[in-house]
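Report on the structure given below.
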Amino acid sequence: MTQIIDGKALAAKLQGQLAEKTAKLKEETGLVPGLVVILVGDNPASQVYVRNKERSALAAGFRSEVVRVPETITQEELLDLIAKYNQDPAWHGILVQLPLPKHIDEEAVLLAIDPEKDVDGFHPLNMGRLWSGHPVMIPSTPAGIMEMFHEYGIDLEGKNAVVIGRSNIVGKPMAQLLLAKNATVTLTHSRTHNLSKVAAKADILVVAIGRAKFVTADFVKPGAVVIDVGMNRDENGKLCGDVDYEAVAPLASHITPVPGGVGPMTITMLMEQTYQAALRTLDRK
């Protein structure tokens, strides 16, 4: 029988544990983790994501600030704003909500964030640390998926893992984290030949391709673990993932739903990394 991986329940459990750790940290050291989120413009989806991050930070007992700036902000002004928070020791995590307006160079913005405060894990230095086997900040979606594997007792060693999607945010770091657990990893994408046949060999299938219900039953080996990172709308406007859930769920040993699967874990891992960044400042004193 298929086991549903309940990301919402797991995130709530971890969030509760994080609030306890934060309270203890404050009591013992006086340190309160601080997270600042910079939102450029008024993209409706970005506003929802930022609101959720702020809510989670406050629930964890963090100091939280959302800096809203107009879409007309210049790149130089945005970089100056980031520099201000880089230099302020009260803030341990800095997030710039993506996407950014076209006139702003996204890479320049990510490079401007202090790697020790880059809780998204997108800075090239943190990517390099991950690929060299010494991760500090890990992109939060792959980190959340790894936590799911751990919580549900899913063994990765020696397993065939297929990742569909090669983004720097999910696909590439996901592949590296699976490799670190001794899985045999195939990283695929939309131009992979015979993609369904490649995917059908997977014991572990992680799908992050950004296409509604792209993965159907012929992509999935019976008994596979299926992780759906997608967040799309179907033809009826209903939220759905990159996996055709109704067709695939009966085949899988474990599967994440959309919504309520990977999404809640992403924000929880952002909070955990902010907490860890705060802890590391104690080590540097």
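Every residue, even glycine, has its Cβ placed from backbone N, Cα and C.
Take the CB of Arg166 (NADP(+) binding site) and look out to 10 A: across all protein chains shown you find 18 other CB atoms. Annotation note: Arg166 (NADP(+) binding site) sits in a coil segment as assigned by DSSP. Annotation comment: Swiss-Prot describes Gly165, Arg166, Ser167, Ser190 as NADP(+) binding site, evidence class sequence analysis.
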Fewest other C-beta atoms within 10 angstroms, as judged across Ser167, Ser190, which are the binding-site residues
Ser190
